[in-house]
Amino acid sequence: MVNNSHFGGFILLGFPGQPQLEMIIPGVVFLFYTIALMGNMAIILLPLLDEHLQTPMYFFLRNLAILDLCYITNIVPQMLVNVWGKDKKISFGGCAFQLFTDVTLCTVECMLLSVMSYDRFNAVCKPLHYMTIMNPQLCRTLVAMTWGVGVTNCMILSPYAMSLPRCGNHHLDHYFCEISAMVKIACVDTTAMEETLFALCFFIFLTPLLLILVSYGFIAIAVLKIKSAAGRQKAFGTCSSHLIVVSIFYGTVIYMYIQPGNSPSQDEGKLLSIFYSIVTPSLNPLIYTLRNKEFKGAMKRLIGKEKCSLETTGH
């Protein structure tokens, strides 16, 4: 029991009344968290150690890996503490930080996936001018713009959501401080907030998705004009990993936030949140590395250098 007059934070309910899920989910989440840490750290460090990977594509991929690491670390440690321990509380400040970070990073990821599609468009459609167009200054500017949009969206939505009156209700029906769950416990009419949330989600998610579709439309036309099967396969290989990541992330987010008709049930929404906030950051490095010959080649070169250095030291 919580003394409402003194407790200013929240109780993260998780999956109340479903002990089977409460037992299974922590182990699954911890597994994916470990995969995400190892995979994304490899993507961050390897391009810094291998000059063959110091290209615009790997610059954006490294930023995506940093983003995914921040995203999953923002949620998983607190979630595991709450699920494995008896205390499911989170302070008001901790909840606000979690919510602000979640909104910012989700927005940035939408924008960054769009920027990466523009990079792939130039790589396939303008290969001779690719390095000139995607110069380091432009790459840094594009990444800075994605963060600018993310922080702006966060500053619009998050303070309003945290300031909604809750009439002493501290029980958040989620496993982390997520904005739609925060709106649901308000004790006032939240129609205006929900409409604003829908409009911003529609703009933030669908505008980049439209740019991605346009980019890949041009890429498809360019690939079909390539006469050799090997050339078409190489061009498709440079884009397929990104398309898989886009499909997983956008498919889940659109179904959860801006699907027409009825929204997902509360438990279904929580499972979807686990998928796009925990599973997806774990899958991204696997998708990019397992399907990328350059990355696998860099790994072999790095392992080869380590073996040579150990043999030299041994002699």
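Including glycine, each Cβ sits where the backbone N, Cα and C put it.
Noted in TrEMBL for the protein shown:
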- 39-288: domain 'G-protein coupled receptors family 1 profile' (DOMAIN)
- 23-46: transmembrane segment (TRANSMEM)
- 58-76: transmembrane segment (TRANSMEM)
- 96-118: transmembrane segment (TRANSMEM)
- 138-162: transmembrane segment (TRANSMEM)
- 197-224: transmembrane segment (TRANSMEM)
- 236-258: transmembrane segment (TRANSMEM)
- 270-290: transmembrane segment (TRANSMEM)
Positions whose Cβ lies under 8 angstroms from the transmembrane segment (197-224), at least six residues beyond its ends: 107, 110-111, 113-114, 117-118, 120-121, 124-125, 149, 153, 156-157, 179-180, 183, 232, 235-236, 239, 243, 246, 250, 253-254, 257-258
Long-range environment of the transmembrane segment (23-46) - Cβ separation under 8 angstroms, sequence gap at least 6: 15, 53, 61-62, 64-66, 68-69, 72, 76, 79-80, 83-84, 274, 278-279, 281-282, 284-286, 288-289, 295, 298-299, 302
Non-local residues, at least 6 beyond the ends, that sit with Cβ under 8 Å of the transmembrane segment (270-290): 15, 25, 29, 32-33, 35-36, 39-40, 42-43, 61, 64-65, 68-69, 71-72, 75-76, 102, 174-176, 178, 241, 244-245, 248-249, 252-253, 255-256, 264, 296, 299
Region pair the transmembrane segment (58-76) / the transmembrane segment (236-258), three or more CB pairs under 8 Å: no
Other parts of the chain folded back onto the transmembrane segment (138-162), taken as Cβ under 8 Å at six or more residues beyond its ends: 56, 59-60, 63, 95-96, 99-100, 103-108, 111-112, 115, 118, 179, 182-183, 193, 196-197, 200, 204
Residue numbers, six or more beyond the limits of the transmembrane segment (96-118), whose CB comes under 8 Å of its CB atoms: 57, 60-61, 63-64, 67-68, 70-71, 74-75, 78, 90, 142-143, 145-147, 149-151, 153-154, 157-158, 161-162, 176-179, 182, 204-205, 207-209, 211-212, 215-216, 242, 245-246, 249-250, 253, 277
